[in-house]
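Engineer: Have a look at this one before I ask anything.
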Amino acid sequence: MVISVRERSPEVVPPGAVAPSAGESPVVAELRGSDFRAREDLGQHFLRSPGIASRLLELAGLRAGDAVLEVGAGLGTLSAAVARAGHRIWAVEKDPRVAEALCAALEPYGERARPLLSDVRAVDLDRELPVGTVFLSILPFDWPLAFGIAAHVFGSTAKVARGLAVLPAATADHTAAGDWFGAGLRLEEVDGISRHDFWPPAAVPLRVVSITRC
């Protein structure tokens, strides 16, 4: 099917139900009411609210002229917030089922927003990106996958200067002592985010972390 701060106190949600999210994207609402199934092999969970995307943008501390790379852009909720704020965005998405929705979300921003429908490992990031690009992503809610993507991005090009990512809490906990498994990256928790800000809801607690080079 092709679709055209610290963690807050847990919401009281009946088993199997989905907690309400203020200002939920109509595209996400459509997905929830369809037979679409998120891919577990990609650690796939979709950001439900443009308001949360704006909050992540603020936490990233982008400056005028900063370019952004998002891996796992999904339906384009975060990428569109980046472009709407005036930044250039390279939005990489592997799942062809959501390609139409991603392109539609970014189409209003013209050349400022570039969707790349590919596995990030097949993208020549060193050629595509400008110097000083900021990595801003909701990484897979599976810590080995999350680590692999971040390590690839920062290891394949020096043009990515720093990053901000949503990660499973286990990923942040594994790296609390410093260098991220020898990848030359340092993570620091800067905020939390509710697992119910995503569809399907995350099965584990989440963290918002900054990523810098050691």
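Glycine is no exception: its Cβ is also placed from the backbone N, Cα and C atoms.
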Engineer: Pick from 1-22, 67-88, 89-110, 155-176: which range does TrEMBL record as region 'Disordered'?
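Structural biologist: Going through 1-22, 67-88, 89-110, 155-176 one by one, TrEMBL flags 1-22 as region 'Disordered'.
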Engineer: His45, Leu47, Gly72, Glu93 bind S-adenosyl-L-methionine in TrEMBL, but which of Asp119, Asp124, Asp126 does that record place at the same site?
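Structural biologist: So the S-adenosyl-L-methionine site in TrEMBL includes His45, Leu47, Gly72, Glu93 plus, from the candidates Asp119, Asp124, Asp126, Asp119.
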Engineer: CB neighbours of His45 (S-adenosyl-L-methionine binding site) within 10 A?
Structural biologist: 22
Engineer: Let me know the model's mean pLDDT on the domain 'Ribosomal RNA adenine methylase transferase N-terminal' (52-210).
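Structural biologist: A mean pLDDT of 91 is what the model gives the domain 'Ribosomal RNA adenine methylase transferase N-terminal' (52-210).
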Engineer: Counting other Cβ atoms within 10 Å of each residue's Cβ, which of the binding-site residues Glu93, Asp119 comes out lowest?
Structural biologist: Asp119
